[in-house]
Amino acid sequence: MKIVEVRHPLVQHKIGLLRDAALSTKGFRELVTELGTLLAYEATANLDTESHVQPGWAGPVEVQRIAGAKITLVPILRAGLGMLPGVLALIPAARVSVVGLQRDEETLQPVPYFERLTGRLEERDALILDPMLATGGTLIATIDMLKRAGARRIKGIFLVAAPEGLKALEAVHPDVEVYTAAIDDHLNEKGYILPGLGDAGDRIFGTRVE
């Protein structure tokens, strides 16, 4: 499985700022947006292109354009929405597919409660957006959903990832590419990433308990 930990100095600087527990909601949200743009830039570096001839100021000119159908972005509710503006700034024509999952209290497995996927997924690159890759359960369920709908080229973009989640993902979806700003140390007994970022959703939306 292709796993890319983006070591660009700007990415490392910004993920370090995100780890500050005293960072304001506004500051956290802005950094998540900026990191979304930077990580999406890395994740789209291997997209296929095709030649296209268009009018230029001195006559016809051959240029390169992204091949195939428009990319679809797949933010996982709710924290994934925080990354969406930054990625859309880079890929403004992208389609947006939104999924929401919650844990079944009996089986402890993630089950979908919201699903709005764009059409022709088999022709599109799908970029899953979620700040945290922890156990991998939610991500795996999202990929299962996308593949059932026809998606074939899937990448995941995360701010931080845990080794346990990466291992779980590789066991079932080794064809999925992962791009992250940091691979952290481990999960604690409650399944939280350490050192992590805290609850990214609460920090993005300002719903954490002060």
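Cβ atoms here come from the backbone N, Cα and C positions, even for glycine.
The feature 5-phospho-alpha-D-ribose 1-diphosphate binding site is assigned by Swiss-Prot to R78, R103, D130, P131, M132, L133, A134, T135, G136, G137, T138, D199. Note: D130 (5-phospho-alpha-D-ribose 1-diphosphate binding site) has non-local neighbours P75, I76, A79, G80, M83, T138, L139, G156, I157, F158, i.e. same-chain residues 6+ apart with C-beta under 8 A of its own C-beta. In the three-state DSSP scheme, D130 (5-phospho-alpha-D-ribose 1-diphosphate binding site) is classed as coil.
Taking a C-beta cut-off of under 8 angstroms and a sequence separation of 6 or more, A200 (uracil binding site) has the following same-chain neighbours: V32, A79, G82, P131, M132, L159. Classification of A200 (uracil binding site) by DSSP places it within a helix. Residues annotated as uracil binding site in Swiss-Prot, with sequence analysis given as evidence: I193, G198, D199, A200.
Taking I193, G198, D199 as the binding-site residues under consideration, the smallest Cα distance to R78 (5-phospho-alpha-D-ribose 1-diphosphate binding site) is found for D199. Spatial neighbours are here defined as Cα atoms within 10 angstroms of one another, and by that definition the neighbours of A134 (5-phospho-alpha-D-ribose 1-diphosphate binding site) among the binding-site residues I193, G198, D199 are I193. Cβ neighbours of I193 (uracil binding site) (same chain, under 8 Å, six or more residues apart in sequence): M132, A134, V160, A161, A162, D184, H186, L187.
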